[in-house]
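Contents: one structure, followed by commentary.
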């Protein structure tokens, strides 16, 4: 027992020792870090023998065990758990991350908790260092001796930064640098850990000149800053202090300079801030201001060449600065040596023999003074007196005087003067010559023989010659003592002077003299000659006495001729015609030896002489030369208006009128003044844009005439001689208009009625007012005109009801178009009810307000009554019926019956009665449910151009709903239609554009509302487009309405011939078929009901060239079936369908509907795709969704009333008989074909046989089997109508909307058979319902009634309806319609009415 216990104890001790040896501990303990803000910090922690969970704590706050620490996006714990590494990484460290961090290891079995701390210190460098109020590298200006205080701030550092100041590169220490201040900067979050520190330091000293240009730098010291990129801020001091005294270099005092020597004087001034300004002065006058600076040195250089003015000149250099109050100077005095530039000899240059000649010689300035030496005739002359004086230009001037006596036998004496500067050894010389004088010989004139006569205008040359003399003689020509120019020629011994004279009037008896002189003659020597010249008068002058000419006085014209030799002959001319003078010429002595002539002319002055030109001619007969002078007579007279001016004028209202007058007067400055009724008319210079009538001189401008502008306008013309006036009558024509129309009183029958029409206009006469009324013979009426009140009266004698209507008063005076006003002639008559299609019907759905309109014409006004089923309605006395009363014109009255909350019992016929004094009339208005609209009643072509046709139509009943319209048109020679939807939607007029020129088109219109559509009108409206874009006649052919127009004779002939041919053809056709028509009518009357049969035709979508789906056609019987109920007679055969051209063929795979007999029924080729409206609410016209079944061949079928159809390929389909098919080359859809009965009716001219009589016997069914059994589909199931109410005479079908209808593909029409319990054999023979058709292509007339048509079959025994529905709904515009055939009418109409509205047939 004891050994076992010891063993256990030993094992436990060993285990305890082992477990103690594996206790967890820190293999790597966290170490404190000091990091920079924005960097990354990693606190390491590695645990050996890890047993517990590891996490980090920040300032005692546990961060969790996850590697991603919530709330600390920048903290991450990472490492290697296998090795116990749990490091803490902090990215983008901020100051708030500074804390005491602890790595904590949690307890574990046999492991105790361990912890290790480490601190994280975050340092942040300063973000800015600046010297307060001074940006970096700023320049600080101050004066010498001023205190300088600079404050440096190192901002936002942690811990606080240190500041070091530098002057240049030398650190500043001592008392100039103050102690640092540290300020705390609180962080944006208020966390104490985010506190930063700003350090402030200052320097203080006095500025000296040495501080100029010195840099003072503040540098931040911080452990977070890199040493190679210190943070600094520097300012530079600019210390202002005075400059040094200037000094001059380049010349020394006492130094001598020669004239012309180059000098360069340099003036400098050291120091100074700002540098000194240097200015040069010469003898106190400023000569240079330019200087240059380099640092604190100023320098000015003066360069020049020394001249005489620089001798003893003082050059001064002045230094100026803002730092000094006085001027600093430096001066030098120059000494310049120079010789005289020249010497000058003054004295006489001519002398006679023995005359003493005084001479003087003077030098230019010289330094020192110059000496003068004389040479006369090459010998020194010593008897000279010299004198020296100071020159104002500098230096000395020396003068010397001598006297020279002229010796005989010498022609000249030469004197020389020398100027010598002994110190410079320079010499200048001057020479002077004295000429010795002798007199010349007397002159001689040649070139003219005295006594010879010259003609004025010829050239005469005279020459003067003189020889000898010293100097040679000077020859001068004179004309009558006036010096004239001459040409001189000189030789050694003589001189000659020549003149050329262009002789004129002044040369007659003129004396020409030649004088010869020189210095030796005291009295000139001369010779003379006198000329004799013939000359014509130079001028002639015409004058009038008195000078002011006025009508009624006598004036004298004088003509004075200038001097002439021989005397001139004078004559008078007026406007180129000679005038005899009353007195002969007077003569007297004139200038230049000529004769002056004068002549007179007496005139009696009238205003017609104003502007007359009188010319005087003076003729020198010897020379055959003449001169003229003209005088334009200026006769002063008051203005006179042109007698040819019109004194009355006519203008048209709203057009401009300009009146131009002309007044003649002298003076021609005439002022015109226009007035009307004494009031002045605004002149153009003072007019504004609103002035219509302005005057501009003699012109009166009426920019836009008004009828009130008519009247008398006075124009006054005024000049200095008087005034004249003229009156202009302005008559304004303006368009005629109608002021009022009226009837004197409502006339009783057989009484006279008078209509009046009062007109306005100018002119206005009885011919300008006419009366008209379309279709009314006015020949028996009496028309009178009263000019005083401008009224035309129309008298209708013994007026009756036939005279009631609107007469038109037409006024036209030729200025504008016709002005028309209707005036109603009212004669009392009993009410006449309006039975228009849109009034005899009204439509409203249950619960709505029915609105029945009753309109009549009556005089006097009628009283309306409403009744139903013979019971008068309580109108306006109950809440059910209310009536509105309207008066449209003088005889038209309307009563509108409002039926509130229409119910089933409210439908039916209402009787409206109208009664007045002359009688009573009534009409019926039928209230029904809303339906598709009736067709339009007529179409009219209103305009035709080269590419467009405008249509207008009269709508039918709109079915009680808003209706709109669609236009169908085609070329007559084509078979395809085009369609246009009318916009705006309620318009009854429309213009079709894009038509071809000179092309015939036919047009038709269909009405549409949201329930359905009407039938198109027959193509009975034709128009031909014009050949050009110019306006032409309207070429329209319509069975309903043909518009008359003025056409050419050729067109009339063409139309007449064509019409005659058509009449003959129609007559032949009528005669051909009349017998057959009579024989068949007996059969028709036996089984034909009196009601009209309607057929609803629905067309498949035809987007492709072949039909890919099934073709479906159905009939909805509204008022009559097409089968013969109770008639077992076999129907007549249907004509076979001939093959058509290939362009209308379909492929052999096209599916066609065939009935039980095997008859191949060609479908409509290319009808437009059906568009069905989406109806709101439970509408009575909505079809329910048919039940779908599958037949044996997989075709879908539609429930039928009876009968069975098969689909099979057709060998040769035919186009619709009216040409209404879809054109594969066009994007337009075409209408459905009309009924065949209509076609037969139009072609044969007889009432068509009802379609139910066109049954097809078996021989026409290809023996009851299809031609190609391989392409024939299986017989479909015959499914009956569910819950269909049948009537022998027809039934009302109500369609209901099914929202969840499955829509087949667009090109597939689904056929449903209703009775799935029975199958009819293919050879069963039901009666065939055949839709009518009409052939529009004239080329097919030859087939007659041989054409077949698309038909659908029904079983007469079942007496039921056939329904076609197409599932692809494409828009809200229905493309189906109910086509109604009436036996007694020649046109096709649409009937949307129902026999019984309360019955609902559900498929």
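Glycine too: its Cβ is placed from the backbone N, Cα and C atoms.
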According to TrEMBL, which stretch among 137-156, 157-176, 177-196 corresponds to the feature region 'Disordered'? 177-196
In TrEMBL, one of 976-1000, 1001-1025, 1026-1050, 1051-1075 is tagged transmembrane segment. Which stretch would that be? 1051-1075
Quick tally over 126-238, 443-530, 537-628, 639-731 of CB pairs under 8 Å to the domain 'Ig-like' (340-435) gives the top stretch as 443-530
Provide the three-state DSSP residue tally for the domain 'Ig-like' (3-121): helix first, then strand, then coil. 25 helix, 51 strand, 43 coil
Would you list the DSSP helix, strand and coil counts for the residues of the domain 'Ig-like' (735-826)? 6 helix, 54 strand, 32 coil
Please spell out the DSSP helix, strand and coil residue counts for the domain 'Ig-like' (340-435). 0 helix, 61 strand, 35 coil
Could you tell me how many residues in the domain 'Ig-like' (246-335) are helical, how many are strand and how many are coil under DSSP? 3 helix, 52 strand, 35 coil
Given the region 'Disordered' (177-196), its same-chain partners at Cβ distance under 8 Å and 6+ residues beyond its ends are 94-96, 98-99, 124, 155-158, 160, 162-163, 165, 202-204
